[in-house]
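S.K.: The structure under discussion is supplied below as structure tokens; questions concerning it will follow.
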Amino acid sequence: MRLDSAAKALFLKEFVGAFALSMRYFFKPRPTLNYPHEKNPQSPRYRGEHALRRYPNGEERCIACKLCEAICPAKAITIEAGPRRNDGTRRTTRYDIDMVKCIYCGFCQEACPVDAIVEGPNAEFAVETREELYYDKDRLLQNGARWEREIARNIALDAPYR
């Protein structure tokens, strides 16, 4: 037994094994990314910052059906509907989302019959104060205008699975 221990110590078996393992990983490509300069590709189903969409003619998509408000498990959505218009449709006068309460489950997006509320591709919306995470209708519409191209592409890619 002593001879075996002496042979291992003499030939530095553990050191050579560890060094060989290190060299194997040293020459492989790095699995890490240099964030924020490099980013992982996102799934079309990624759930990020909320946005309200418009139709191509500029009209808001939201018809004030309040399904998203009803289905939200965190009760983070508040909607107030305006009076009916001449054509019988309604629009929202207030559409607020408390992003502090939101759990990003995507139920609001699934419940919406006209794809008005969506969770967009933006994951970088860090803020300095809690009040900035209370989104009103104007902020949601701005997000929709900002990310419309990516949102439309993601919805089109996901359409066969809906």
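Our numbering is plain: 1 for the first residue shown, then up by one each step along the chain.
Yeah, the Cβs are placed from backbone N, Cα and C, and that goes for glycine too.
Swiss-Prot lists these features:
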BINDING   Cys62, Cys65, Cys68, Cys112  [4Fe-4S] cluster 1 binding site
BINDING   Cys72, Cys102, Cys105, Cys108  [4Fe-4S] cluster 2 binding site
DOMAIN    52-82  domain '4Fe-4S ferredoxin-type 1'
DOMAIN    93-122  domain '4Fe-4S ferredoxin-type 2'
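So that I understand the layout, could you describe where these features sit and how close they are to other parts?
M.R.: Following the DSSP three-state reduction, the secondary structure of Cys112 ([4Fe-4S] cluster 1 binding site) is coil. Residues within less than 8 Å, Cβ to Cβ, of Cys112 ([4Fe-4S] cluster 1 binding site) and separated from it by at least 6 positions along the same chain comprise Leu67, Cys68, Val118.
Neighbour list (Cys102 ([4Fe-4S] cluster 2 binding site), Cβ cut-off 8 Å, at least 6 residues apart, same chain): His50, Ala74, Ala76. In the three-state DSSP classification, Cys102 ([4Fe-4S] cluster 2 binding site) falls within coil.
Here the domain '4Fe-4S ferredoxin-type 1' (52-82) returns a mean pLDDT of 95 for the predicted model.
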S.K.: At the level of the C-alpha atoms, what whole-angstrom distance separates Cys62 ([4Fe-4S] cluster 1 binding site) and Cys72 ([4Fe-4S] cluster 2 binding site)?
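M.R.: Cα to Cα, Cys62 ([4Fe-4S] cluster 1 binding site) and Cys72 ([4Fe-4S] cluster 2 binding site) are separated by 16 Å.
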S.K.: Sort out for me which one of Cys62, Cys65, Cys68 has the most neighbouring CB atoms within 10 A, since those are the binding-site residues we care about.
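M.R.: For the binding-site residues Cys62, Cys65, Cys68, the Cβ with the most other Cβ atoms within 10 Å is Cys62.
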S.K.: List every residue in the same chain as Cys108 ([4Fe-4S] cluster 2 binding site), at least 6 positions away in sequence, whose Cβ is under 8 Å from its Cβ.
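M.R.: Set apart from Cys108 ([4Fe-4S] cluster 2 binding site) by at least 6 residues yet with Cβ under 8 Å, we have His50, Cys68, Ile71, Cys72, Ile77, Ile117, Glu119.
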S.K.: What other residues of this chain sit with their CB within 8 A of the center of the CB atoms of Cys72, Cys102, Cys105, Cys108, the recorded [4Fe-4S] cluster 2 site?
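M.R.: Close Cβ neighbours, site residues excluded: Cys68, Ile71, Pro73, Ala74, Ala76, Ile77, Ile97, Ile103, Tyr104, Gly106, Phe107.
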S.K.: Cα-Cα separation of Cys65 ([4Fe-4S] cluster 1 binding site) and Cys105 ([4Fe-4S] cluster 2 binding site), in Å?
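M.R.: Answer for this pair: 19 Å between alpha carbons.
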S.K.: Would you identify which of the binding-site residues Cys72, Cys105 has the most other C-beta atoms lying within 10 angstroms of its C-beta?
M.R.: Cys72
